[in-house]
Amino acid sequence: NATRYCHLNGIWDNYTNYEECAHHDFPSVSEFEPHVDLPTYIYCIGYILSLTTLLLATVIFFHFKELRCLRNTIHGNLFVTYILSVMVWLTALSLQLTHTSTNAACTLIVILLNYFTLTNFFWMMVEGLYLYTLVVKTFSRTKPHVGLYMAIGWGVPFIFVTLWAIIKAASTPLKPHKMTGLDIECSWMRESLVDWICKLPACAALLANLIFLVRVMWVLITKLRSAENSETKQYRKASKALLVLMPLLGITYLIVLSGPSEGVGSYIFAVVRAILLSSQGFSVSLFYCFLNSEVQNAMRHRFNKWRDKRNIRGNIAHRFQRYCHLNGVWDNYTNYEECAHHDFPSVSEFEPHVDLPTYIYCIGYILSLTTLLLATVIFFHFKELRCLRNTIHGNLFVTYILSVMVWLTALSLQLTHTSTNAACTLIVILLNYFTLTNFFWMMVEGLYLYTLVVKTFSRTKPHVGLYMAIGWGVPFIFVTLWAIIKAASTPLKPHKMTGLDIECSWMRESLVDWICKLPACAALLANLIFLVRVMWVLITKLRSAENSETKQYRKASKALLVLMPLLGITYLIVLSGPSEGVGSYIFAVVRAILLSSQGFSVSLFYCFLNSEVQNAMRHRFNKWRDKRNIRGNIAHRFQR
């Protein structure tokens with residue numbers, strides 16, 4: 001109902017209160033602030049990413065006949081448990097958000113979630129048991145059987161969950177419940193001592209896997225020490241094995257089992273926990289399917305057969321040779337070398353230790369591209385979001401999108417070995433331009449923030465034309481100058497695509513490239529200065545406010561965490577690192593993760609977690625809901 005105040009003289013006030021017309025059953029804007037719901041957002045994004053990769057990995061394992069073995073069958077069943085548990089979790093979340101559920105639905109969801117979660121833990125234990133049997137019990141007479149593993153993975157959890165459900169039903173009668181926000185008032189969701197019937201077996205499975213891991217690593221390290229390898233190689237192989245085995249055996253659950261309960265530490269712990277647990281399925285599918293040389297070999301073999309049938313590359317002469325002796329007798333040896341397609345990279349080129357950073361770049365860039373496209377559409381579609389701040393954000397997002405698209409195009413040309421001199425030149429020029437515009441738009445973000453926070457009382461107001469000139473115009477000048485000098489110093493030559501490296505004169509580094517590199521470094525340096533000044537003002541204001549020291553540190557750390565990807569400070573963090581040993585490999589992986597997820601982080605913090613964006617989208621959804629009459633006839637009455 002809408003209300004208006006009537007004065008004593010009988011005249012109505014100009015102000016009308018429409019607050020009661022709003023749908024209060026929806027959570028308020030404050031409930032969607034990053035400090036409340038950031039872990040939930042991370043869980044959603046991580047689970048959706050894991051679900052996508054797991055579905056693809058499961059199809060690969062069960063589709064290719066040459067991959068059907070006991071090891072991959074166990075992997076496939078583990079993937080299925082991840083998929084089912086994630087789907088039930090997302091279903092529960094959607095019911096909570098849409099406030100549509102019944103007692104039966106609530107009960108069914110809780111039972112299924114408990115069962116699939118427990119099967120997930122037990123299939124991780126099966127992975128550990130199988131690995132232990134192969135590595136430690138090598139000479140054992142008892143061979144592993146798929147039926148036994150199926151009984152452990154699917155049967156044992158069924159017994160525990162059935163027992164839990166019977167006792168839970170007897171001790172907790174079904175009561176009417178109501179969905180509120182992201183919490184559910186449901187008797188079956190309330191924790192009790194009965195839940196330990198499911199929790200204890202899960203803990204036992206993790207403990208068993210920890211024992212299996214220790215024994216396997218002990219055998220592995222013993223074998224590495226006996227081999228004639230340098231100590232650096234031994235440490236590298238051992239650390240790689242540990243890194244790969246931890247998500248498979250669920251050791252990450254033990255890492256985030258307990259943490260701080262208050263202060264900044266609790267917030268950071270909740271975020272880290274959400275990242276690790278939600279990306280568990282993604283990590284397992286990445287290491288044990290997409291980076292598996294056996295899987296890559298099978299897919300490459302299938303692609304070669306398809307390519308030959310379709311005759312993609314034109315008429316390739318499949319010739320074999322046999323030597324004829326002087327006496328007219330053919331030699332027994334036949335040379336089939338010319339039948340093979342040598343332009344494809346060998347299996348060793350796709351091994352994880354060579355290409356893992358490239359895979360991470362691909363996955364990170366594709367994820368960033370998806371979220372950035374969605375965020376850009378939101379910013380330019382909603383009229384109520386059109387302001388200078390969001391215009392700057394939108395242009396920054398566009399630079400990310402364009403640079404990622406050019407990078408992916410270059411990679412696809414390298415992999416398919418289809419390129420010309422003109423294409424090579426164009427790609428290099430576009431990649432340099434869009435990368436430089438990306439750095440300059442990050443500097444524009446820093447300049448705008450500095451103007452708002454530090455130069456608050458300045459008479460000169462920021463103008464969109466000036467920012468457009470800095471973001472798009474200045475890089476164009478530098479790249480044009482670089483292209484002219486590069487063309488004069490490096491004539492176009494025929495080139496050949498090989499593997500993931502490109503033999504192209506425009507790709508070779510030279511002193512001329514500093515025409516583009518120096519402005520990028522200057523933009524990052526300017527942003528570092530802007531960040532220091534902004535943080536100084538922010539900390540000064542926080543200290544003057546009557547807040548506890550913990551709250552001050554929490555707000556300051558949160559501001560720093562959010563501003564770092566926006567201003568490109570992550571580039572400074574990974575600017576230089578170790579050049580050899582295990583450290584160089586870890587640094588390359590960390591660098592790939594940080595740089596490829598830069599666009600994803602910016603779109604997450606400044607679009608999807610932005611309360612202004614959420615409010616606009618909620619308002620649009622409310623209008624659509626009223627038109628469609630989803631919730632029945634809602635009477636908007638005006639009272640006088």
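Cβ atoms here come from the backbone N, Cα and C positions, even for glycine.
Marked as domain 'G-protein coupled receptors family 2 profile 2' by TrEMBL: 39-292 (among others).
According to TrEMBL, the transmembrane segment annotation covers 40-64 (among others).
Annotated transmembrane segment per TrEMBL: 76-97 (among others), in sequence order.
Summarising the annotation, TrEMBL assigns transmembrane segment to 109-134 (among others).
Positions annotated as transmembrane segment by TrEMBL: 146-167 (among others). Within the chain, the transmembrane segment (146-167) has long-range Cβ neighbours (under 8 A, six or more residues past its boundaries) at 70, 73-74, 77, 81, 111, 114-115, 118-119, 121-123, 125-126, 129-130, 194-195, 197-198, 201.
What TrEMBL records for 199-221 (among others) is transmembrane segment.
Look at TrEMBL and you will find 241-259 (among others) tagged as transmembrane segment. Long-range contacts of the transmembrane segment (241-259) within the same chain: residues 78, 121, 124, 127-128, 131, 205-206, 209-210, 212-213, 216-217, 220, 265-266, 269-270, 272-273, 276-277, 280, 283-284, 287-288, each at least 6 residues beyond the stretch ends and with a Cβ under 8 Å from a Cβ of the stretch.
What TrEMBL lists as domain 'G-protein coupled receptors family 2 profile 2' is 357-610 (among others).
Sequence annotations record features per position, and here TrEMBL assigns transmembrane segment to 358-382 (among others). Proximity of distant same-chain residues to the transmembrane segment (358-382), defined by a Cβ-Cβ separation under 8 Å and at least 6 residues beyond the stretch ends, is recorded for 49, 286, 290-291, 352, 390-391, 393-394, 397-398, 400-401, 404-405, 407-408, 411, 500, 589, 592-593, 595-600, 602-604, 606-608, 613, 616-617, 620.
What TrEMBL records for 394-415 (among others) is transmembrane segment.
Annotated transmembrane segment per TrEMBL: 427-452 (among others), in sequence order. Packing against the transmembrane segment (427-452) from elsewhere in the chain are residues 388-389, 392-393, 395-396, 399-400, 402-403, 406-407, 409-410, 413, 458, 462, 467, 470-472, 474-476, 478-479, 482-483, 504, 506-507, 516, 519-520, 523-524, 526-527, 530-531, 533-534, 563, 566-568: each is 6 or more residues past its ends and has a CB under 8 Å from a CB in it.
Among the features that TrEMBL reports, transmembrane segment is placed at 464-485 (among others).
As annotated by TrEMBL, transmembrane segment applies to 560-579 (among others).
Residues annotated as transmembrane segment in TrEMBL: 585-609 (among others). Distant neighbours of the transmembrane segment (585-609): 32-34, 37-38, 41, 45, 236, 239-240, 353, 356-358, 360-365, 367-369, 371-372, 374-375, 378-379, 393, 396-397, 400-401, 404, 562, 565-566, 568, 570-571, 573-574, 577-578; these residues of the same chain sit at least 6 beyond its ends, with a Cβ under 8 Å from one of its Cβ atoms.
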Predicted model, mean pLDDT over the domain 'G-protein coupled receptors family 2 profile 2' (39-292): 81
Recorded stretch that, among 40-64, 109-134, 394-415, 464-485, 560-579, has the most CB pairs under 8 Å to the transmembrane segment (76-97): 109-134
Which of 109-134, 464-485, 560-579 contacts the transmembrane segment (394-415) most, counting Cβ pairs under 8 Å: 464-485
